[in-house]
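Quick notes on the structure that follows.
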């Protein structure tokens, strides 16, 4: 292991899922070190998850892969991902990156528990969930500022509804429904309980904190109040984007992976804020993670790959990531662009406040099903909020 | 996957004429001609099918050490409500993908036969079009048609039936039927095509004889056309039933098995179990059960539609 970068020409094979900040990162690194070039292999997210296992077990495996917690549950125990701890010590990575971003990237050797053990990836940019809104819609309803508390947000939803516009776009066909629940859980329940549950700490449970049930009940209340359309269970992500940008909806809770498309369509009319807390002084927090990258245990260029990981978290990479529409790991000065600036500002508020909480669907490899179908049941009324939380806990326990 | 072969099997329609026995030399020549195709078939169809059978006895995540569990995975197929429900859903789809389209196809074929051949090719193109469009595109288009503010509900409101308008794919009681009707739309044209081409082979003297005996158009259809189409109906039933039982792409893009697992089908769960949940053994067991189910359906259909010797 060495932190010295070779002068010989090296080509790194790098495999990642779509909509990634990897292009500015790779280009930036090649500009600094012209002897290192990249072979970038892009795969759509859903297919990436399913193909990663095969890619990493092949003899021709990529040098660097985007880390994805679900498939890594099998890949880490098979010894195909390089533990980065020696590099982390040599480069001092743990001092440079927020612990709330690194937690999900560490795991024990069996990959049954996160937030402990070896470090397996480093993030190149931040993804974060919050509320996008169409200013044309909200201003037409007479709303002039962003809500400071959940009660204010509910008032705004009611105001938009009174104007005859369904306020909230919820793509509950896929992940949109349970992400709304997750965002509400962030502010209604103890985020530490939630993180320890997603990380798989022994004995973790959602059942003792009433906040999770309350969050599900709030989703139901908003559905019953007409804040979301009746048919949200058949609304896919692209449909929700169209609903917001066409002015049929005022708000859309989603992640900044959609920011580029939304800002291209809405321009200055696009706004963004993290879901506010129950009280105005509650520290801001949001569901999120980094866009993390790992080194293959089979790579012949581990030192070069590690040097690249060291670059992506550095200030040198920040401007390129920011220009690409993503939130860089290190803060940058000045924000000429409005929406990008709002992301960076919101991220700073979150890191300084309550921190980043993990995505619920990382808790187990099968939890996405009780999450998606479960919240659809809560919205339709076929499942009580309590039964929803119990089914999540049951899936979690079946994997321990 | 093993399932794909069955389509080819299902299409071997007519009974083969009896073959004369070959001399050993000619026998060898025949094998040489068959060998390339046979080897590819063995390597890419038969071998994976037996592999699937082997995987179905394992507890395996696809990467790490596997554990032999025998028939435990099969027990789960029948005891886990979600897996068993998916099989029930696919049986409902058989009605919409096979029974309804064959009925509609016969009706359309009968109407087209009656009106002579004028405009026949235009109708053929129109009704066959759904078969040409990839199912993924079909699914997205129908999701849009069925949407809460989509054309179907707008149409209902225009004709004063606004009270009936609903988010069809979002309701647990309507989603499976709505999906099934997409299948009906897609399969009816295929059935009609098969029946029209089959009906053209029926000896026209049979119709003349029936007409002379005083049979009207309906009677001629029932007594002459229908028996003449026995082979085509059999093929249509086999193709559409397999499409129903092994459906995946349409469900995947239209509802993803939702809402609340109301439209899960075995094909979708095989994919999820294998690639998302990392339960290769369960996925393989469900795939085998599905294959056996399809074989049973195909055998029953072939038996029911067999011509009496």
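Each Cβ is built from the backbone N, Cα and C atoms, and glycine gets one as well.
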Check: According to TrEMBL, which of these ranges is transmembrane segment: B:125-145, B:146-166?
Finding: B:125-145
Item checked: Where TrEMBL places transmembrane segment among the ranges B:212-232, B:233-253 -> B:233-253
Item checked: transmembrane segment per TrEMBL - which of B:5-27, B:28-50 -> B:28-50
Notebook entry, point to check: Would the transmembrane segment (B:233-253) count as touching the transmembrane segment (B:28-50), if touching means at least three Cβ pairs under 8 Å and pairs must be 6 or more apart in sequence?
Noted result: no
Notebook entry, point to check: When you scan the chain for residues with a C-beta under 8 Å from the transmembrane segment (B:125-145), skipping those not six or more beyond its ends, what do you find?
Noted result: 108, 151-152, 169, 178, 182, 185-190, 192-193, 249-255
